[in-house]
Each structure stands twice: as C-alpha cells, then as structure tokens.
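Data block below; observations after.
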Amino acid sequence: MGLRRGPCPAALLPGGFLFLLLLADPALLAGRRPPVVLVPGDLGNQLEAKLDKPTVVHYLCSKRTESYFTLWLNLELLLPVIIDCWIDNIRLVYNRTSRATQFPDGVDVRVPGFGKTFSLEFLDPSKSSVGSYFHTMVESLVDWGYIRGEDVRGAPYDWRRAPNENGPYFLALREMIEEMYQLYGGPVVLVAHSMGNMYTLYFLQRQPQAWKNKYIQAFVALGAPWGGVAKTLRVLASGDNNRIPVIRPLKIREQQRSAVSTSWLLPYNYTWSPEKIFVHTPTANYTLRDYHQFFQDIGFKDGWLMRQDTEGLVEAMVPPGVPLHCLYGTGVPTPDSFYYESFPDRDPKICFGDGDGTVNLQSALQCQAWRGHQEHQVSLQALPGSEHIEMLANATTLAYLKRVLLGP
C-alpha cells in the first residue's frame, strides 16, 4: 500500500525524522507502487444465487433457499442429476422484445466481492486447486508489497452477459479507479485476462482521453481474444465440457448458448478471412459470413439476435488510449476449425492451429493494429508454450508484470 498522508507534510518534519521515515518506508525512495485492478475473464469469478422458484426440473433440486449460495464454482453442483438443477439456475432467458436477458423465474444472481480479490483468486470458495485462478498472481503482488482489498482489488462481473447489459458494473469500476487514485496518489494499472480484456477495452473506449491520461497508468492484457475465438462455434453448436469428464457437452450446451457473451466472442471479420471455413458438415460449411444460417441450422435463432446486439460493442480500430502490454501464449494446439459427421449434436473432429489452447494467435495479435494509432506505446510479449489459464502463473508473465509495476 502506498504511504497515506499524515496531518503534516513530510517537508515540514525535522530532517532526522524525515531520514528515519525514508529508511522505514522504502516506497518513499522508490516511488509509489501503482494501485492494481484485476479484471477476470469468462467464468473467471464466483457467482452467488438465491432461490424462490415456482417449479424445479427435478425433485432433487432446491426450490427455495434462505440465503445466497455459491452458484459458480461449486463442484458439488456439477454431479449427475444435480447438474440439471444448476443449469436451470445459471442459464439466462433472452427476451426478444427487449433484446436483453433476465434471470429465470425465482432466481436471483449476484456477483460477490467487488473490490476484493477472493472471488477471482479461487472460483471455488473451498479453495480447491481445480478452482485456482488469479491466486498465484495475487500472492506475487502481496510479496511485492501490495495489500489485498486495498491497493490490489478485483473487479468481478456477471460474465454471462456482454458489456451492454452490465452498465452498473462500469460505473462502479470507474468510481473504484478514481477512489484508488485518490487513496494511493497515482494512476491505476489494469490487469485483465481473456474476455476481461474485451470488457476493459469496451470501458476504455468510452472514457474521455483526459480521464484516461489522469487515472490509467497502463493496461496489461493477458490472453486477449481481440478478434474473437474459433472454438466459440463448437461451443454453440455442440457444447464444450472443457475436458470435465462428468459433464456431457450436450448437457452444458443450453447454459453456454444462453450466455450472450458466448455469441459476442465469435470470430470477427477484421481478424479472419471471410473465406475461412470454421465448421465443416456433410451438408454445409460455415464461414463468418454464414452466422445467420449457422444459428438457424443449430436450432438457436436467438443466437443471431444476440450476435447482432453485441457485434459492434467494441470498435476494432479504436485503440484503448493508454499504454498497452499484450501478453499472449503461443505453441499450444488451439482449436481452429471443426469437422462434423453428424451436426450439431455430436462432438466434431478438431483441426488445431497456433495459440494458447483457447485464444487463436491471430486474435491475440490483433493489438498490433493499434501501433501508430495511439500516442501511447503498444508492447507485445509472446509466452511460448503458455496455456490460456496457466499464463496467469507463468514466471515470464509475473516478471513482466513486476517490471510494469515496480520498474526494472
């Protein structure tokens, strides 16, 4: 934590006391540590729910709860049969008239821990290794002198929704950044991962340049899907269990489709060729020009509306307007296109390309296009062999972040 000002300016202290104060607090000699805000990615922070439902999908499902419980991540809710209860609670309901989502009847979902780090350090409150996310990075920040909930804070959000439905979140984020600036005497470093980078870019593109110059020191982007992600088509078509064996892809597909953020992350034409075939089937092939037909053929017409609602949220050629550090994984086989023998209800064969296992390399490299389009520096750092989640604990990542925060 940076030094807070006492009732007397340091310059008025007797020389001996000032010398002792400098010895006691090396931060005064080295300069203030910039406060840090962490923005997680898709699935990247806890969600809590409270129930008072008119009906349930199975007699084993809870109909009513007295208090909020952990909806994500709670591994006990992903067991066979019980997972049906979980899907019915965590899904969103799309309203075609309002072009917005709502919670299912009798379900209230909230995001715990805004301004804290616990919600994104461990996705599972039991702190199981399966749910470890930002923990190693936060531990490193603490080792460098930071204090949880003070000069390093988390900015969790409802990652099921795209930014256009999370307006209050961005107001709270701006207020927190301004508060940290006042408390710690300098601009903030934003550290985002995965879809959190798209959220951060959306936020920065809507702030005045004078505000960004004052309040933002740097933006560190880890594994950013600037141009969308190819695997999103597989998620929408046949579901993706993320290699969790107890979950069948078709079982989880309903929840994944209902999250508007899924359609938001489909590949964009400013990164991929309009001729590239992402999905091959016996009767049709699909490029990014075929999304309308794709959604028709998978039986999810609302998905096309969701895509139309979100496609223009982030402007590809409008840079963030702050010093940007893009760190991205390479050399990890990453889903690039999909071959279906039976479409869409069977798992496809996958053709792999370069990337971090989730984000395709060409999408991560999209930040290169901002060089020369903003006065601030745009730096790129490859992380060879670094997987999408593992990069948060990667030694190169942490050393790079330390240099950004504390200097060489």
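Note: Cβ is positioned from N, Cα and C throughout, glycine not excepted.
Annotated substrate binding site per Swiss-Prot: Asp42, Met195, in sequence order, evidence recorded as similarity to another entry. Residues annotated as disulfide bond in Swiss-Prot, with similarity to another entry given as evidence: Cys61-Cys85. Annotated N-linked glycosylation site per Swiss-Prot: Asn95, Asn269, Asn285, Asn394, in sequence order. The Zn(2+) binding site feature in Swiss-Prot is assigned to Ser194, Asp336, Cys351, His388; the stated evidence is similarity to another entry.
Shown here: features listed in Swiss-Prot, placed on the structure.
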{"residue": "Asp42", "record": "substrate binding site", "DSSP class": "coil"}
{"residue": "Cys61", "record": "disulfide bond", "DSSP class": "coil"}
{"residue": "Cys85", "record": "disulfide bond", "DSSP class": "helix"}
{"residue": "Asn95", "record": "N-linked glycosylation site", "DSSP class": "strand"}
{"residue": "Ser194", "record": "Zn(2+) binding site", "DSSP class": "coil"}
{"residue": "Asn269", "record": "N-linked glycosylation site", "DSSP class": "coil"}
{"residue": "Asp336", "record": "Zn(2+) binding site", "DSSP class": "strand"}
{"residue": "Cys351", "record": "Zn(2+) binding site", "DSSP class": "strand"}
{"residue": "His388", "record": "Zn(2+) binding site", "DSSP class": "coil"}
{"residue": "Asn394", "record": "N-linked glycosylation site", "DSSP class": "coil"}
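Asp336 (Zn(2+) binding site) is 14 Å away from Asn285 (N-linked glycosylation site) when you measure Cα to Cα. Here His388 (Zn(2+) binding site) comes close to Ser194, Gly223, Gly329, Val332, Asp356, Gly357, Thr358, Val359: these same-chain residues lie at least six apart in sequence, with C-beta atoms under 8 angstroms from its C-beta. Counted within 10 Å of its Cβ, the other Cβ atoms near Asn394 (N-linked glycosylation site) come to 19, all protein chains included. A Cα-Cα distance of 25 Å separates Cys61 (disulfide bond) from Asn95 (N-linked glycosylation site). Between the CA atoms of Cys85 (disulfide bond) and Cys351 (Zn(2+) binding site) there is a gap of 34 Å. Residues within less than 8 Å, Cβ to Cβ, of Asn95 (N-linked glycosylation site) and separated from it by at least 6 positions along the same chain comprise Thr101, Gln102. Figure note: comparing Cβ neighbours within 10 Å for the binding-site residues Met195, Cys351, the maximum is reached by Met195.
Minimal Cβ crowding within 10 Å, among the recorded positions Ser194, Asn269, Asn285, is found at Asn285. Around Asp42 (substrate binding site), taking its Cβ as the centre, 20 other Cβ atoms fall within 10 Å, counting all chains. Around Asp336 (Zn(2+) binding site), taking its Cβ as the centre, 19 other Cβ atoms fall within 10 Å, counting all chains.
Looking at Asn269 (N-linked glycosylation site) and Met195 (substrate binding site), their Cα atoms lie 18 Å from each other. Separation of the C-alpha atoms of Asp42 (substrate binding site) and Cys351 (Zn(2+) binding site): 23 Å, rounded to the nearest whole number.
Other Cβ atoms within 10 Å of the Cβ of Cys61 (disulfide bond) number 17 in total over all chains.
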